[in-house]
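Q: Got a structure for you, written out below as structure tokens; questions coming shortly.
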Amino acid sequence: MIQVLLVTICLAAFPYQGSSIILESGNVNDYEIVYPRKVTPVPRGAVQPKYEDAMQYELKVNGEPVVLHLEKNKGLFSEDYSETHYSPDGREITTYPLVEDHCYYHGRIENDADSTASISTCNGLKGHFKLQGEMYLIEPLELSDSEAHAVYKYENVEKEDEAPKMCGVTQNWESYEPTKKAFQLNLTPEQQGFPQRYVELVIIADHRMYMKYKRDSNKITQWVHQMVNTINEIYRPLNIQFALVGLEIWSNQDLITVTSVSDDTLISFANWRETVLLRRKSHDNAQLLTAIVFDEGIIGRAPLAGMCDPNRSVGTVQDHSKINFRVAIIMAHEIGHNLGMGHDDNSCTCGGYSCIMLPRLSKQPSKLFSDCSKKDYLTFLKVKNPQCILNKPLRTDTVSTPVSGNELLEA
């Protein structure tokens, strides 16, 4: 039986109108201070895990009480999840950390059917939730009062860069559009049922990422875990579960040539993934997370309909924002291209301010797929019938032993 924890957040809700605070997400105006307080622990004598399977939080937002229900995202990691980094002399070091009792949750707001939440509880509450159609961020404050958190609307974060940010979808690797048009589905609402699919994901953080985060692999790891948790939340309506099977940090040097020309970097990464990564770690899709600034305002690139192809089931994503879910949205967008989704045009709708497959990142990023994207995805399943995303992640997915010189550490 799942023990449910009730935590009351006593809100000395102090909105600082017109003043600014510097948070991890950037400069924020108009925020509230909240103080979490645990009031209903698990029954006396019960074994309490570090992170409960289900939790509830009470808090006030804009002066109104809300209840946040959270459930652990148990499918976030595969059973053989591994982390790889490199020693100063270039040796590959792979560990298999125990991640069953992790701290990443999905959730909803009570009495708000349209609400969503993606929260980590690793060090306080950190993440985002949607309430009454608006996106809010929450994060702990670095104050002497360790329980203080800030809650604020996404729109109140000062924008880091007003320059347009675009996706550079790659279509010239294989002509998919003619086949797609021949099989284009005209779906009634009743037909838009999505079959269960599973994507085993590997994320590579390049050397610039390692330097950007001041050589702190733990920070990169938490950043990536939070991103994949959000990607899972985004794809839940399409019935796709993402399991992170591996995280690799190029801590010594890049293993490919990473340049500001996004197409060159994508091709180089795709070739490395096919010839090196696939031989030592079975997976369905690999994404390169880089701190380089790509030319022409591009922040992501991926081949169209490449999922399950050894050379095309890849993407590159620029770590362009201090706000985790903005980067997660770009990675979800690029994976959408891998799953057959083209860019939305003006005829596409999703019931939101913007849709996730727009060619440019909007000022109010959306986590919603349009009707066009859903049709594209179902058409991709029908035309390509990708086999690699049929199986659930298993512990036996490691297909070969590491080459001589690697260190294998069981944590």
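The first residue you see is number 1, and the count goes up from there.
Glycine is no exception: its Cβ is also placed from the backbone N, Cα and C atoms.
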Q: Going by the Ca(2+) 1 site in Swiss-Prot, where E200, C388, N391 are listed, which of the candidates D114, D284, D309 is also part of it?
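A: Given E200, C388, N391 bind Ca(2+) 1 in Swiss-Prot, the matching entry from D114, D284, D309 is D284.
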Q: Do you know which of C308, C372 Swiss-Prot records in a disulfide with C348?
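A: Looking through C308, C372, the record in Swiss-Prot gives C372 as the partner of C348.
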Q: Taking 10 A as the limit, how many CB atoms besides its own sit near the CB of H343 (Zn(2+) binding site)?
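A: The answer is 20.
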Q: Rounded to an integer, what is the Cα-Cα distance in Å between N391 (Ca(2+) 1 binding site) and H343 (Zn(2+) binding site)?
A: 28
Q: Hey, how far is D284 (Ca(2+) 1 binding site) from N311 (N-linked glycosylation site), Cα to Cα, in Å?
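A: So the Cα of N311 (N-linked glycosylation site) lies 11 Å away from that of D284 (Ca(2+) 1 binding site).
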Q: Quick check for the class: what is the C-alpha distance, in angstrom and rounded, between H337 (Zn(2+) binding site) and N311 (N-linked glycosylation site)?
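A: So the alpha carbons of H337 (Zn(2+) binding site) and N311 (N-linked glycosylation site) sit roughly 14 Å from each other.
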Q: Spatially, and counting Cα to Cα, which of the recorded positions is closest to H343 (Zn(2+) binding site)? Options: E200, N311, C388.
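A: Result: the closest of the recorded positions to H343 (Zn(2+) binding site) is N311.
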Q: Measuring CA to CA, name the entry from the recorded positions E200, N311, C388 that ends up nearest H333 (Zn(2+) binding site).
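A: Given the candidates E200, N311, C388, the nearest one is E200.
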Q: I'd like the number of other C-beta atoms within 10 A of the C-beta of C388 (Ca(2+) 1 binding site), please.
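A: Its Cβ shell of radius 10 Å holds 18 other Cβ atoms.
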